[in-house]
């Protein structure tokens, strides 16, 4: 497998499987002198833990304690690579025979087998949501760098199971169930999750990510556009099936006269562009939305085949979430942070803003 | 600027501005022994020319004659880098004073100024649609490689100005106005384009891209996922504001029991996944959609500011399209071809399928 | 710091400092199905341990126990990234005040300060020889991949303190003091080391690396030449100040008629090229030599300055080697193995030899 | 072929063969606002032309006129990729049958055949010295960037055919035959070249490259070391078989007490390190030497085989140099300039020195 490194200058390389010894990574390229300790990373990891943000979460409960292995001295980054590690502490050894030789619909079992000839059959392995632990840890480090530039990163749920939220308070979302930007929608979402749970089914939704207070000029034109990198970053998260920037899909149904953002002497008068023009940040908030598919593991019989191609049925039981939301939110937040950190360092090389 | 190279092993590096000497590129990493000549590339370039695919096209009419500069000997690629060049032949020198010191709404003028301190004010420069000439040329070379593996690439319009098409014949779309997969929608689209043109406005739409007959196993998990790379590839095209894979946005509003693709002994029974599971191709068609914003240059007065921050109004007249569709279709097709060619070579290294 | 990843397709990313928690790395891109366990890596790590290969070694004695964290299942690589970690067990906390504010001559103290503004003053940090633990572990994994292709990698000492060895048996060198290819030179080297030790000084030397049984065709022309990558790989090891391929320096003093390698029907009749022509392997042994500077830490007073620029003298005592040889040999062997593994995968993508 | 791009942030991608349409390249990552025009590049190209620097040069005489295709507007770089092109004007179509099916000793014919299955048999193709035209053009652009930082780059001959020069005036070398830093050695070299020419043989030598006035702090530790990148850069030039930094090979035969560079309050008191410690520039001159093999094309019969493996003899006649020196000097100068430009931009990202 290649593809386990993200970023050109602020690089995160990750490793680890759902049922292996643990998960970890290396952040290479972080400037020296940034304040960092384990508690800063732990705080972000705790946000993706089950139980955070409402009842849609699994009962599997890892402490996910992170350990810093290098790159920090006397509370500051030294400029050397930052290694970190999270032990897998909650792998109840149980019987895998049910999934060992059967492809779970909606999972990567079939394609991993096709690519590598066999797979770690104890679970999702590298394709499991567990992999995102390393993204969240790396994103926490990126956010510390961005903090020194006054840049903030947010991720909040704008739709769950087709029920939309109003974005009335995205700053406060972090402390609400489902990371909701709208206090009033929470009960509706709770009720809907319970209903779907009782039907032994799962739900998708939409998460919006936002970067505020970033300078104009971030992003590299053509193939290195800010929006292209961000689409890559968000779509690289397992459950994401669609990404839009600013007015996004709606732009395809509007007119030029409606979709253009006029400019006044105090700046842009609207933000249909989502803060990016020609692949470069305009100084407005960068806003994107990720469309999340429902979790494929459901408590219902599904038609599939064995690794030998025999038809069969499988019910993937066990400790599973009803929706990737809200545990996916800190992951998407991390991906935006990693994208902005990388573009910030890429831009600095031009020596323009330093 | 960095970001002018796409791909890890099948690499396209491009250069050129709308009003410079010309545009070109280098394809590095193409295996030796692939049949290639200028006519193969020219055929794709001709597909993005004005007038191809209906009346939404500009009157600006470049011949766009490509010249191969290296990497081909006796009609076959030699394995050395393939250089190509297209002269800009149609730059009427005219008065740029109107746009020299004014930021066009919806254009990259403002952000290029912010990033580089100044810009080539004669037009979009590197941010112009002209840049895509090099993508189409590179994509044509990628398609020749894919042809040797039996893989075909398509791009066709599934919606224009809010009017959807039925995907009844995507193979035939290439020879229809608007690259339409639906013969019956063409007249409606024609009429709509004329109407919007008369209102001096512009239109967006949706283009679907598809790869057929590709092997299972293409794509690298985690950050190198097939769908993540494809989202990057499509979103890197100027006018694209959203990308979805398979059921895409709709997946966010469906249930796990609906969205999972069951597997029968002859293969998958549906393709909500868009041919990609866990970032790796399943052997089904890979299907994605790009959401295209309306062209920002309209024949209407728009509020903006000068480079000195003074409020003003601008009307961007001249030879402009009503919609990026259909000229953008060969570009999106090229981006899919480049993505698949790169993943094919990345996968070969594993020595699995060779 | 960037630069902690080596390779394009077979990628090693490393982290860790001499006096931090430990050292480790991630190998990304190793194909699935290669036999691997901790004992295979441990065997190589043990070869760089003090005491291995004669008395030139330090008295500092780390067990350097490696732990595999991911990427291996049931004794075989899965194709996912291989994480590994070696705890630092032997950091006697002692008084660093002597070196905290003083630049040690021949060390990286001055340049790290210049680049990062400050440094981990407890030792060499990232510039310490300890860093090479991760290279040796990564190289051990590369050698397992090469083994499946029948390729072998060697590193042996051809000169120590100006005393040359005859290359009579490079296969056996691994089990001799100083990794000597010449049984007869060992006593001379032992005596010379003791003499220099008594003079409280240190020694340099020359190590030859060799790859046997590799296919013709490895290497990418122009900037990606086999010899260019190998020079990079070897020169990236701290103590190396010169690299030569094949006849190397001597070629600069010979004639074309002497230096060309004639070709007979059974292959090349000599190997002045060192197994590489035009940056591509010819199928002969690839042979290169690394020139090693004497260890800068000596038990003598040396003139230097403090971090505040005041003149002073320093004597760097402590547990130090007399020569980087032989502990550097397994490191150079690892760098050749990593280079060949990467080129092997790069070449496979062409689908020529698979 | 991959490997046609050099650099991480200041990237040169090249294309072209000796007997194709022409040679060119793209510089991606050059900051905006650098003064540049064709004459600046042409001046460097002219320095690698035959006849420059004494009688060792071939009679083949290309004008090598460079044309800038993009990236420059009103005499300054815009930050967009800089495309350039040099037409091949002097390809006398002549009979290639003699070399078409025979491998020339010391050339890349055999290895290109092994890798790609066939080759452009009209000459060295991509492995020809012609390829370096693009390096020199790219290096000229790098030198313009470095000039804005006060950094100067030099390349001068320190040995030819075993006859050493004294480095008495490296600044003046550029205007002397053989780019000699020593006026007194020129006649000896002239005579030696004539003698070897009369013997229908060829010569090697040694070229020293030097960067002056660069800041301390350039270079990335571990695999990204300044000296490792420079060794890669120099060894990637066809005729180079060895590279040393500072005292280089001699360091392997000296003691720590001799090789360490003491530091006084006005800086380092010697420069055995060659201006690089721990892979990072110290602020002293960066000094390296490249060892050049004799040109393999000689007017003598040499033993070889045909592409079908039959034994034969070949005499490679035609318009060939006696030595790669001095035409290789501007190429090595370009490689040092490209290396420093890349490290300069890499270092800027840290925001330390800006």
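Cβ coordinates are placed from backbone N, Cα and C, and glycine is handled just like the others.
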Original post:
Under TrEMBL, which of the candidate ranges D:25-44, D:45-64, D:65-84 is annotated region 'Disordered'?
Top reply: D:45-64
**OP:** Using C-alpha atoms only, work out the spacing between residue D:128 (FMN binding site) and residue D:48 (NADP(+) binding site) and round it to an integer in Å.
**Re:** 14
Original post:
Which binding-site residues (D:48, D:126, D:128, D:293, D:295, D:297) come close to chain B, taking a Cβ gap under 8 Å as close?
Top reply: D:126
Original post:
What three-state secondary structure does DSSP assign to residue D:126 (FMN binding site)?
Top reply: helix
**OP:** Count, for each of the binding-site residues D:48, D:126, D:293, the other C-beta atoms lying within 10 angstroms of its own C-beta, and report the residue with the smallest count.
**Re:** D:48
Original post:
Cα-Cα separation of residue D:48 (NADP(+) binding site) and residue D:126 (FMN binding site), in Å?
Top reply: 18
